[in-house]
Number of protein chains: 2
Amino acid sequence: MSVKIDGDRLWSRLMQMARIGGFGEGGVNRQALSDDEHAAWAQMIAWGDEIGLEPSTDAAANLFLTLPGQDRDLPPLLAGSHLDSQPTGGRFDGVFGVLAALEAVTAMAGAGHRPVRDVVVVAWMNEEGSRFAPGMMGSEVFAGNRNIADVRATSDAEGILCGDEIDRIHAAFPALRTRRAFQPLAYVEPHIEQGPELERSGHAIGVVSGIQGKITTEVTLTGRAGHAGTEPMATRRDAVMAFARVASALQEGVGKFETDIRFTIGRVEVTPNAPSVIASEVRFRTDLRHPRNDVLDAAAERLHRIVEQEASPCTARIETLVNAPSNAFDPVLQARIAEAAEANGHRCRSIASAAGHDARHVATLCPSAMIFIPCKEGISHDPSESATREDVIAGAEVLLDVLLASAEGVRSPVSD
Amino acid sequence: MSVKIDGDRLWSRLMQMARIGGFGEGGVNRQALSDDEHAAWAQMIAWGDEIGLEPSTDAAANLFLTLPGQDRDLPPLLAGSHLDSQPTGGRFDGVFGVLAALEAVTAMAGAGHRPVRDVVVVAWMNEEGSRFAPGMMGSEVFAGNRNIADVRATSDAEGILCGDEIDRIHAAFPALRTRRAFQPLAYVEPHIEQGPELERSGHAIGVVSGIQGKITTEVTLTGRAGHAGTEPMATRRDAVMAFARVASALQEGVGKFETDIRFTIGRVEVTPNAPSVIASEVRFRTDLRHPRNDVLDAAAERLHRIVEQEASPCTARIETLVNAPSNAFDPVLQARIAEAAEANGHRCRSIASAAGHDARHVATLCPSAMIFIPCKEGISHDPSESATREDVIAGAEVLLDVLLASAEGVRSPVSD
């Protein structure tokens, strides 16, 4: 009996999952470690139970569902993505990769195929970084690149500690084994592109060459509060006005610095944020990305200079929260993805990832790669985020073949 | 026995009140209808009890403390201000006027002086407008210029209804009589200047000629959410960047439009406000003031034009929340204030109010006036807000004499 993806099952599970945290027309708000993510875990574990997957978790509240292999001592194959979404996210970002991996092992189990080694479906904790910042906490801890104590000490906008929320999800699933760190053989992550390239060029599959570099900073502009109706314009130290100048200058000086640069101010917090009080403080995040590390570093230098130049009469403090250089994925896995796409009749091309992904961190631990599928108009992090049923199934078919091809070798089948 | 202000008692009560909602060095966060305002009411009622003041309230949760006069049927004299503060307010804004009025009637009662008519100390509900917008709700309803149903339907940032909070404070003080609207003989409001003029010119008392006009608008810039790492700069409709452009252009085009203009953006709300999501919406308040109504109207027109010009590629919606033209206070009351200042040896001058006050609304109901005292460097709505003990006492002395002079006449002693 050959191992085949069940496209109807995969698509129907995607639409079922979209209802957990769903709002409006296609909107999903399923933030990290929220009650909705608890519900998503419960659904994943239930689907896993149907085919005998072993659920487990770790100190960082990553969720693992293991299809047992013939030799349980071999390093397992790992595939998946994340279940959390942005507060105004859509139905595909993250969850597609997790369900494609679940579909791949479900297809194996359904066909009575027992792989040589364990195949583990993973859902990483807090990829999005919207509730607890920065993102990709679960994969970064798993890869040994971030301290679990730092992650636990992070708090959300309401002051709730990430550590308490990790304990809460563990307590909600008392039957789950907590596993220690383990060394996978390889990691493969399917994901929507979150950009317009594949749709434009008419390819169903993107073989991801690497992830562009990213620098995230937090800028605090400090002014002085005052009465909106009385304090003369000339003596004000208005933090909102300083923000407007700084942000406009950054848009010109950094946002247009070089082709392919991405510059965003997505979060802005004003203090005291009262209509008739001159703001004493504005704190904001800058998100800067580029495929080339030299360009990225030069843009970050410009950012620092512009903030310092334009902040006056307020003062500025700049803190670098994330400095993640660009990385390249494993070439053998990339070749397997291309072969699998061809074998299944899906047009594929090489593509760089403009977005950060958990695979960036896992790649420091084991050979890793990503499979992209197109999304409509490149839109993501929005209720209008959309991918076709055909492309979703194509991505799962390619993942299945890559896993089948990679699982067989007793020793590492991929390059170092 | 002559009627005299007790400066020690007044100052010590001010410092006591500053501890209700107090934080840090001089900071006060005692927002409208909060638990801290409940505590402030309880303290006011207790001080009133000591000298037999009758506490009451009305449908808008204004607090009244009445010193009974000889003829209870005569229209009462009204004096006071508000107990609520901005979230990062100081120790004097509002509460000084209420405690100066309490001190004036306490001095009368202590000297065995029974005025011809009732003298009523008032604390208006929600002057600041930071929790429930716009401000001056209590005085506006009292003056018959705003519908109580509209006030009750307003909600704060957490979605709590003002009406529920009015019911809550009424329930917390079940012994208070709820009075209907009444026609006062006159209203006098002492307040810190919230500007630098009196301090600069060395005057302890400002006879307020009127209040500058104010136009408050809410602007909503609508863009489109997207992924910070992928969406090309050229195709974005980034609401934060539109805000930066609009705010910078408003600062130039409206904030520098004319001498004596005051232009502030104090509240900014970003949606979804996540670090790696291009903002789909920015909603902000503009606060525009000028003593001359023609200048104010011209500046508001400019504001509309600039918002519409600079919003692209986002769309803009502008709503006018407050349009309060400048007003002039009662000349007879102004003369009495000047006479009282002179009689007590305090230098006084005429001054226009740059800030809005409850007296603006009460002035549409009865002859009204305001007594200003200096505040340090003109700073208010900030923990560093400060006034001297001497000036606080001077303000109360002048208020007492104005009340004594105004209470005696059986018919209206002031102009229409």
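In case you wondered, yes, glycine gets a Cβ from its N, Cα and C as well.
Take the Zn(2+) 1 site that TrEMBL assigns to B:HIS82, B:ASP93: the candidate from B:HIS191, B:HIS203, B:HIS227, B:HIS290 listed for it is B:HIS191. Among the binding-site residues B:HIS82, B:HIS191, B:HIS381, the ones whose Cβ sits under 8 Å from a Cβ of chain A are, in sequence order, B:HIS381.
In the three-state DSSP classification, B:HIS381 (Zn(2+) 2 binding site) falls within coil.
Between the C-alpha atoms of B:GLU128 (Zn(2+) 2 binding site) and B:HIS191 (Zn(2+) 1 binding site), the distance comes to 13 Å. Every protein chain shown contributes to the tally, and the Cβ of B:HIS381 (Zn(2+) 2 binding site) ends up with 30 other Cβ atoms within 10 Å. Within the domain 'Peptidase M20 dimerisation' (B:211-311), the DSSP-based counts of helix, strand and coil residues read 36 helix, 35 strand, 30 coil.
Cβ neighbours within 10 Å of B:ASP93 (Zn(2+) 1 binding site), excluding its own Cβ and spanning all shown chains: 27. Checking each of the binding-site residues (B:HIS82, B:ASP93, B:HIS191) against B:HIS381 (Zn(2+) 2 binding site), the C-alpha distance stays within 10 Å for B:ASP93.
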